[in-house]
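Single-structure report; data block below.
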Amino acid sequence: MMATGSEAAKPAEAAVLEWNKQDNKRMLHAVYRVRDLDRTIKCYTECFGMKLLRKRDVPDEKYTNAFLGFGPEDTHFVLELTYNYGVDKYDIGEGFGHFGIANDDVYKLAEDIKSKGGKITREPGPVKGGSTVIAFAQDPDGYRFALIQRATREPLCQVMLRVADLERSIKFYEKALGMKLLFKKDVPEYTHTIAKLGYDDEDKTTALELIYNYGVTAYSKGNAYAQVAIGTNDVYKSAQAVDLATKELGGKILRQPGTLPGINTKITSFVDPDGWKVVCLSVCAVLLTRN
């Protein structure tokens with residue numbers, strides 16, 4: 001008996017998803033907009049201890065970018081700040097949560113931040129019902145940073161986003177990006193459930209933290225936070241996996257895979273079922289464009 005079209009497609013789909021799990025993917029950077037680039041650079045370098053890795057002005061398109069982090073871009077997750085000429089107001093929205101910074105002494109880090117003019121919105125101390133010491137800081141644009149006391153190879157340890165359906169989001173990121181579920185916990189005292197996904201253990205890499213607040217099915221996105229970038233060995237195969245995930249779980253491919261005009265960077269982009277944008281970049285091309 002001849003296989004139907006859908007049955008014949010299953011082995012090919014399985015091969016794409018298996019490749020996706022084996023791909024050398026890595027979270028590269030988060031992109032967001034700020035009102036005063038030099039002020040934010042000063043805050044991140046002096047208060048948080050980050051390094052300014054590079055800065056580029058693009059006058060033809062009227063914006064300036066700065067990349068900051070705790071180590072080189074080829075081995076560390078970094079933050080890409082964008083200043084659009086003349087724009088002095090952004091809305092962070094309700095859906096974006098925070099970035100995470102892991103540090104072996106959060107009490108000292110919080111004091112250092114305050115001593116250098118930074119803002120601490122939650123003083124250091126154990127989490128409710130647990131022993132992990134945390135604090136919260138806020139940058140000049142209102143972006144929140146969770147300060148988490150633990151040893152790590154990657155100090156920029158997480159990006160937190162709120163989602164409407166946690167199980168759907170977990171399945172989406174597993175299927176679309178080959179991420180692994182690292183941690184999941186229901187926290188009824190805070191009326192939410194947390195999941196963390198990534199490509200290695202939490203103490204070794206940056207994790208995507210997703211939070212579902214009981215009964216909340218939609219969030220405003222604002223126009224400040226932009227996207228997360230993921231490095232891949234093959235944007236074309238990655239786009240095939242994303243296509244399978246969006247057909248099953250929602251979301252949409254925004255940019256079909258291809259080469260950006262004028263440079264050798266291969267790229268594809270999409271939004272997840274909650275509208276959070278992700279860009280996949282060719283790892284080799286990313287390294288070349290930095291030189």
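Cβ atoms here come from the backbone N, Cα and C positions, even for glycine.
Automated prediction, rather than curation, is the source of TrEMBL annotations.
Residues or ranges marked as Zn(2+) binding site in TrEMBL: GLU80, HIS98. Here the Cβ of GLU80 (Zn(2+) binding site) has 20 other Cβ atoms within 10 Å, regardless of which shown protein chain they belong to.
Positions annotated as domain 'VOC' by TrEMBL: 26-150 (among others). For the domain 'VOC' (26-150), residue counts in helix, strand and coil come to 21 helix, 58 strand, 46 coil, using DSSP.
The annotation domain 'VOC' is assigned in TrEMBL to 155-283 (among others). Across the domain 'VOC' (155-283), the DSSP tally of helix, strand and coil residues reads 31 helix, 57 strand, 41 coil.
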